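The next block holds one structure in the form of structure tokens; read it before the comments.
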Number of protein chains: 2
Amino acid sequence: MADALKIGIAGLGTVGASLVRIIQERAENLTVTCGRPIVITAVTARDRTRDRGIDLSAIKWFNSAEELAAKADIDVFVELMGGANGPADASVRAALKRGLHVVTANKALLASHGVELAALAEEKGALLNFEAAVAGGIPVIKALRESLTGNTVSRVYGIMNGTCNYILTKMEKEGLSFDACLKEAQRLGYAEADPAFDIEGNDTAHKLAILTTLAFGNRISADDIYLEGITNISIEDIRAAADLGYRIKLLGVAQRTETGIEQRVHPTMVPVESVIAQVDGVTNAVAIESDILGELLMVGPGAGGNATASAVLGDIADIAKSRPGAQRVPSLGRPAIKLEPYKRAQMRKHEGGYFIRMTVEDRAGVFAHIAGHMAENNISLESIVQRSATHLDTTEPKTIILVTHATMEASIRKAVEAIKGEGYLLGEPQVIRIERPRP
Amino acid sequence: MADALKIGIAGLGTVGASLVRIIQERAENLTVTCGRPIVITAVTARDRTRDRGIDLSAIKWFNSAEELAAKADIDVFVELMGGANGPADASVRAALKRGLHVVTANKALLASHGVELAALAEEKGALLNFEAAVAGGIPVIKALRESLTGNTVSRVYGIMNGTCNYILTKMEKEGLSFDACLKEAQRLGYAEADPAFDIEGNDTAHKLAILTTLAFGNRISADDIYLEGITNISIEDIRAAADLGYRIKLLGVAQRTETGIEQRVHPTMVPVESVIAQVDGVTNAVAIESDILGELLMVGPGAGGNATASAVLGDIADIAKSRPGAQRVPSLGRPAIKLEPYKRAQMRKHEGGYFIRMTVEDRAGVFAHIAGHMAENNISLESIVQRSATHLDTTEPKTIILVTHATMEASIRKAVEAIKGEGYLLGEPQVIRIERPRP
């Protein structure tokens, strides 16, 4: 029997407490599968007195994460505090500097400092594992970093925020407004009291930035992401999408293009018959398109104490099963010094289909005008729907919905600006991009 | 730079040729990601002269797989010949005995001898990797063996045979007969000239047996699988399933029950709104339900030279990235000597929903009789559909379709036998099990 793998955990929130319980309750099973015992020897958390329903009596308590990382008798430092900077960052650096392996679920930390931390880990011969940082329990980091070795990835996209997917699913299934569904999500604990970070797309953007690096081998660039949240999505959009054979999901998409790598987070229409369109509620999904393997889609729980703890435990087990000493698995798929600079593709050069919903005054010739502006910009239309609430009152506002074939974002923006200039639009037009799985 | 990892490949069919091309074309990229070059130094195949579109001039040719495994100057033996016994088995054993790592895509070999081979690998400190053996490019072995460490799996199920899924999808989408779709599958190269191994479910059974061991920690038991193929599925079944909100898929299912582990391969009705129901054509999908992570579903290409080669390459890369010497990742999820004996659950104690389609003579009281037999066996019905082709001729045969709530297989068998004894059935009743994703 090899020596026990000694673990120190910083942060005993939902995930940390789950992890302690699982490692303690399943000690025997873990010893068999990992070939050595996994033992928690050190912990730290903000509140020492709170009852977490776990037995910490045999575990050494440290006053801070930094102190634990610097001084505890451990092989692996597990960071479950969160936050891009402050104690999470300082303690992870301290641990890596000692040559300790690090496991973290902290997407903000990686999105901000991932490349530096990976370089430090590689310099010290340590592993930096972070499966739980993206899409919770879905092993997408392992798939990109290990299973897809040798593949050239063309696109990676996914539903990576359970809050948004819960709200969009509930709006569709129950015909409720965005606000009503957000309130319900908050009541159920699926959304924070201040939900902005989720519903504006920032959370998805952090995760996407990490996936982009693993998929395309560039340095992490979380600030260079085109970002649109879901607050603007109305029940009318969801209904119109359904009528046309689509569902609306908040997707993070990273894609190789001729001008660079696109990174974008926005509400997206996906064909209703696609597998990803069936991913409901808080469930996450990530699709990876590559040249040798083809398309791989993974669906699973994106959050929650247990699912996240499962991913953290998988990372710890990988360390337990590997030989001690210098490792060759590069945290970000290739050695940090070999990552390329990120070259951002111009969003106005994005090519894809678009859904455009406009409310217009019922004036003669409006429809022809709109069609004319589309034609002027060489935008070809897949479908056109014109609606009014009743057919009796011919002067009431009408809704016009256009779905375009693949076209360039710049053309769409130009056409929409021209239409806005005509003066017959009531309110802002709604523009939603369409994303299709590879045929 | 570490030493190159030297590879010997036995078998240069579609997968082997793809693998050689990929490793040669992407040498530079692989060196960066794996931290060392991967070099093919030895090959063997039945036909030495065939033009495979790859350059073998710098590679040493061996006359047999056994000779290559025993004598070549290699670190990793890659077995891509297939077959449970004969040269594949002999050469893999020879390689492991030398302490070489082995990568194989051979499900039949593993289903028959996997436990012995894993034990031999562990004794010698070698790795035995076989991601490509189950569900082609989908990294389900890695997910079960590594990502889910510490989880207790309750059920694993999936679409693991592209031929069957292609046929069933085509029957549904185009309303064609089983025979017509099989012919089309053969024309497109999705089915063999002798398709029995696929359409009778044996191929799925081999793969299931491997997944069962990784999921439940028992010894591989490929002969203890309840097996029904898809040859008996008619377009009427598919239409009736669709009317009731189901699709028919050939699933392999392994499930922990109170009496043991169920392993079964049979046509299965899945709810049309489930994610797995959307998996069309030759695509595969595997779902894993476990207690910490929850449900994980992976969808991807289950066959094809490139997708399979991608999985083989991932296995090779794992070896390249690990340190030489004794390894602790047990091939079957836990050390072979710690695998438990397989305890087969009794199929007649299987619990689930059932679809029963019967054609009956139009006699007075038949419907009441059938309902009576169901009630006698405590089978409660979710829905009952009675149909005749026209409503004008009241003496023509009628179709009765029952869908039951969860009930025991023994009760269904008893009820069906009793109904058969009544003499009003025309032909055999069709019984199809229903499988639901965990809610």
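Note that Cβ sites are derived from N, Cα and C of the backbone, with glycine treated the same way.
Taken verbatim from TrEMBL:
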{"type": "BINDING", "residues": "A:ALA10, A:GLY11, A:LEU12, A:GLY13, A:THR14, A:VAL15, A:GLY16, A:ALA17", "note": "NADP(+) binding site"}
{"type": "BINDING", "residues": "A:LYS107", "note": "NADPH binding site"}
{"type": "BINDING", "residues": "A:GLU192", "note": "L-homoserine binding site"}
{"type": "ACT_SITE", "residues": "A:LYS207", "note": "active site, proton donor"}
{"type": "DOMAIN", "residues": "A:355-439", "note": "domain 'ACT'"}
Rounded to an integer, what is the Cα-Cα distance in Å between A:LEU12 (NADP(+) binding site) and A:LYS107 (NADPH binding site)?
-> 17
Measuring Cα to Cα, how many angstrom lie between A:GLU192 (L-homoserine binding site) and A:THR14 (NADP(+) binding site)?
-> 15
Please state whether DSSP places A:ALA17 (NADP(+) binding site) in a helix, a strand or coil.
-> helix
Would you list the other residues of this chain near NADP(+) - those whose C-beta lies within 8 angstroms of the C-beta centroid of A:ALA10, A:GLY11, A:LEU12, A:GLY13, A:THR14, A:VAL15, A:GLY16, A:ALA17 - in sequence order?
-> A:ILE9, A:SER18, A:LEU19, A:ALA45, A:LEU80, A:MET81
Per DSSP (three-state), A:LYS207 (active site, proton donor) is helix
Let me know the model's mean pLDDT on the domain 'ACT' (A:355-439).
-> 90
Check the binding-site residues A:LEU12, A:VAL15 for other C-beta atoms within 10 angstroms of each C-beta and report the one with the most.
-> A:VAL15
Give me the Cα-Cα distance between A:VAL15 (NADP(+) binding site) and A:LYS207 (active site, proton donor), rounded to a whole Å.
-> 18
Which of these binding-site residues has the least crowded Cβ, counting other Cβ atoms within 10 Å: A:GLY13, A:GLY16?
-> A:GLY13
Give the three-state DSSP assignment (helix, strand or coil) for A:ALA10 (NADP(+) binding site).
-> strand
Given the residue listed as 'NADPH binding site' and the residue listed as 'active site, proton donor', what distance in Å do their CA atoms have, once rounded to a whole number?
-> 6
Across all protein chains in the structure, which of the binding-site residues A:ALA10, A:ALA17 has the highest Cβ count within 10 Å?
-> A:ALA10
